[in-house]
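One structure coming up, written as structure tokens, with questions to follow.
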Amino acid sequence: MAQAQGKIVQCIGAVVDVEFARDQMPKIYDALKMEGSALTLEVQQQLGDGIVRTIALGTSDGLRRGNTVYNTGANITVPVGKATLGRIMDVLGAPIDERGPVDQTLTAPIHRKAPAYDELSPSQELLETGIKVIDLVCPFAKGGKVGLFGGAGVGKTVNMMELINNIAKAHSGLSVFAGVGERTREGNDFYHEMADSGVVNLENLGESKVAMVYGQMNEPPGNRLRVALTGLTIAESFRDEGRDVLFFVDNIYRYTLAGTEVSALLGRMPSAVGYQPTLAEEMGRLQERITSTKVGSITSIQAVYVPADDLTDPSPATTFAHLDSTVVLSRDIASLGIYPAVDPLDSTSRQLDPNVVGEDHYATARAVQGTLQRYKELRDIIAILGMDELAPEDKLAVARARKIQRFLSQPFHVAEVFTGSPGKYVSLAETIRGFKMIVAGECDHLPEQAFYMVGTIDEAFEKAKKV
């Protein structure tokens, strides 16, 4: 069947109106191609009288009224499967790494339904990250969804890079990284880091373990809105082959923001704080597809920017509902020089349950949180009256809490070049042993600076000898 042909009748920034014959009107999400150009338009609204409103997935420079447009009659499709490994692609699956075309033998549409309820597979298995604070208070589930929440400059991307370093490199499965509206420099650094560590095999790309999809912050809103779906489609294809996939998204907030821009351009009435009225639905459509089935699993780690450090902002608040573990990064903790700046009282995990992690882990985590909470309550009294006015048991709780706080810090492998101290991977058993000793009072004689930026508790004892 010949492709339906239309003409551009209006072009306002990234929004392009196209007129077709009334009986050939494209469906919502159909991909339209420009004559003599690589630009793709995606249908968002049917305005009636054969006119559709579309979003340009690329720059709309040079478009003018009267240009010819063809309807492909299908959703945007992107290459999936082994051909994507070791490659950097854009929202349409076109390569941007200057290593030749991507094999298009296997393709899949970026819009599809989430798996049915009876296909889903819940998981109780823990995923060890080697980061003490995460493994202790907000453990990750294999096949679960994790959010890294934080304002500007508290370390979301560095934490994500460390998780990739600790999990993806040791992980026998495959990883997909979707860079949604983030800095191009970070995408470039990530690629070179993956190449240096062998996760991207430059000699034989098919042996690589990661596929990368980028729609960075200099791209039009259409690209940033759809690039998460492109990455997810590639991850789903690996999952449906029966593999265990790690899916990293940096940053899910930019996905929301791109939706806000597109919504405003389409003329929709904004809702709370200027967000799109379809925020919950758009987020749900993406998040419900990121799931594990009986065939394979997707473990997803998403960075979530928190505007003005306000966790009640509609965007992070909508994301919270979909996650199994939430890692909240705090500016107050970062200002103390404690990195990773994870707030152990705000961060949560569904896995922190004695039936899942075991009684020992659960009791240690709760004792650590209880000690830190007591310190938080006493801080006002200390600020007004000083430490000397506290009861002896409260003084002891404060001393232990300060040691715990410092022991929650850890040198990262990915930050080695900045800090000069080698990164540490701490096993879950060592993490529990260390915090158990501090809570039990076995380290009361050590100075608190011995606990700062060390790996295991044995290193703290060694450091104490030098202090």
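The backbone N, Cα and C atoms fix where each Cβ goes, glycine too.
Quick paste from Swiss-Prot:
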BINDING   Gly150, Gly151, Ala152, Gly153, Val154, Gly155, Lys156, Thr157  ATP binding site
Quick one, of the binding-site residues Gly150, Gly153, Gly155, which Cβ has the fewest other Cβ within 10 Å?
Gly153
Inside 8 A of the center formed by the CB atoms of Gly150, Gly151, Ala152, Gly153, Val154, Gly155, Lys156, Thr157, which other residues of the chain have their CB, for the recorded ATP site?
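So the additional residues around the site are Tyr305, Leu329, Ala334.
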I want to check the contact list for Lys156 (ATP binding site): same chain, sequence separation of six or more, C-beta distance under 8 angstroms. What comes out?
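In sequence order, Leu148, Phe149, Gly150, Asp250, Asn251, Ala303, Val304, Tyr305, Leu329 meet the Cβ cut-off.
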Could you list the residues of the same chain, at least six apart in sequence, whose Cβ is under 8 A from the Cβ of Thr157 (ATP binding site)?
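Expected: Glu182, Glu186, Asp250, Ala303.
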Give the residue from the binding-site residues Ala152, Val154 that has the most other Cβ atoms within 10 Å of its Cβ, counting over every protein chain displayed.
Val154
Are there any residues at least 6 positions away along the chain from Gly151 (ATP binding site) with a Cβ closer than 8 Å to its Cβ? List them or say none.
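Counting only residues 6 or more apart in sequence, the Cβ neighbours of Gly151 (ATP binding site) under 8 Å are Tyr305, Val306, Pro307, Ala308, Asp309, Leu329, Arg331.
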